[in-house]
Amino acid sequence: MNHFPKLLSSQIGFDVAETLLAGFDRHYCIFREAAIRAKNLFEAADWHGLQKLARERITSYDERVRECIAKLEDEYDAENIDDDVWQQIKLHYIGLLTTHRQPECAETFFNSVCCHILHRSYFNNDFIFVRPAISTEYIENDEPAAKPTYRAYYPGKDGLAVTLERIVTNFQLNPPFENLTRDVQCVIQALRDNFGTFNEAPNFQIHVLSSLFFRNKAAYIIGRIINGDMMLPFALPVHHVKPGLLALDALLCKRDQLLIIFSFAHSYFLVDMEVPSAYVEFLGSILHGKPKAEIYTSVGLQKQGKNLFYRDLLRHLKHSSDRFIIAPGIKGMVMLVFTLPSFPYVFKLIKDAFPPPKETTREQVVGKYQLVKRHDRLGRMADTLEYSSVALPLSRLDDALIRELEKEAPSMLEYEGDNLVIRHVYIERRMVPLNIFLQNGTDADIEHGIREYGNAVKELMQANIFPGDMLYKNFGVTRHGRVVFYDYDEIEYLTDCNVRAVPPPRNEEDEMSGEPWYSVGPHDIFPETYNTFLLGDPRVRESFLKHHADFFDPALWQKQKDYILRGELPDFYPYDRSLRFSIRYPERFAADHVTAATERAA
């Protein structure tokens, strides 16, 4: 079949293509404006404003898609456009993208709009971008009018200290640094502590991405050091340390440390990128093994990440032969979970009905997942990719899985030829369920898992999240050993919960009763009761009481709730606190403290 017509003769085709691209350009302009505004909010230490901006940006893409669909339907009666015109629309669109700075994202926007207009039977044909049509290699912006993707610095000329200061000051952050010279010396000392001294090769240079990465209460400088054949990735988090004063907080220069800050369990960065593919290529060079789909998602282009993930899934299915199976572990009452062993993700469907004592609805569960998508996940809640109409080959589905799907979620299934189409599914990174990790672990594993579990719940509390069902099976252990929450159907805002202490029993009958002798409201939580299902294993109990003895004290939970109600936001560090310069090199901060004390005395 000849996929390219001899003549592009449709004026409507060209006009629709222009309208589609204008819709994308509006979206990306708003996307970049959000990143620029993030810098202003960071400089002003407006943390609530940054949170609001991040939430609004997540919903912005779908709003722009709806706007574009409405315009196409109103002006061109898009649903009734002939097939040959649709083919020309795509080809005109490709022509318009030849000099575009974000062609891959524009292709995804095209798909998002067209898949709402066209029937699913068109999803894999020539009318949409099943594969990229425009290469993203070697795309550059218009310098010097625009910032380069990254800047190169040469420490061999002026010395490492001067170069590092120049790197930081080139970002032109408005609040001054408390003591940038001190911070730079901390960076140099951390480099020596990690790697010792090294001879400078002729190509010794530092590459730094031109835009800051904003998330939570931090801005990250991201770069790489090149010396001979060595390539060293690094991130420098910038924090407010006092009102109106900044400081470099740490040096992250190990691959695992960078992978954690770009993890699927963190919220998306706000970062200004004229050429996103160039940023993704740079990040890919320092995050070896991280899929492009996850990198696009981590920098806020989650729809592009979602598109690439689906292409990765289809390619994996072509080059594998194992079958989808029911996920190992304890089955949930709300979600049916299955996985493809050779593919590191799980697929989650909402069941059609939930057995007692679950009292929820499909709509409420969907709402909980949307809450998590919009909320700051702090590295403790897994991101989810939400898909509609996912077609999987029946030959790749285990018989037991098909029976389970037909039993638990028949309304979500549709058979089309050799495929089973799932109407709605969530996809998450596969982790080791914490209960299995604890069950099979050594004493050291158990201590690590319990310490991480307690830290995870406490950090979620600080972020105004009450997990609801806190059984170990609802948490997973990542490949970096982090404990992450992933079961959202009972999640609530902590500020909506009524923290209560268990009233003392009124008599011996109360004390011996297996049922509560006190009233329990729908939003009441009783931290003292959690020990009954968390401390059954003696080894778990020992580690839990060693690291988190306060976990079962209602005062801890109430304190966090009060803290949030006062509008305060805590500091979060997606790296070990021992890496913070103020903790790692206290002697370098002692002089500042003496000077400050002298000034106060004067």
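Cβ coordinates come from backbone N, Cα and C, glycine included.
Swiss-Prot lists ALA327, PRO328, GLY329, ILE330, LYS331, GLY332, MET333, LYS348 with the feature ATP binding site. Per Swiss-Prot, the feature active site maps to ASP383.
Structure with Swiss-Prot features highlighted.
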residue: ALA327; record: ATP binding site; DSSP class: coil
residue: GLY332; record: ATP binding site; DSSP class: coil
residue: LYS348; record: ATP binding site; DSSP class: strand
residue: ASP383; record: active site; DSSP class: coil
Among PRO328, GLY332 [binding-site residues], residue with fewest other Cβ within 10 Å: PRO328
Among ALA327, ILE330, MET333, the most crowded of the binding-site residues [Cβ within 10 Å]: ALA327
Inter-residue C-alpha distance, LYS348 (ATP binding site) and the residue listed as 'active site' (nearest angstrom): 13
C-beta crowding around GLY329 (ATP binding site), within 10 angstroms: 14
Site with most surrounding Cβ atoms, counting all protein chains shown within 10 Å, from the binding-site residues LYS331, LYS348: LYS348
Cβ neighbours within the same chain of the residue listed as 'active site' - under 8 Å, at least six residues apart: PHE264, ALA265, THR297, LYS373, ARG377, GLU428, ARG429
Pairwise C-alpha maximum, in angstrom, for the residues (ALA327, PRO328, GLY329, ILE330, LYS331, GLY332, MET333, LYS348) that bind ATP according to the record: 15
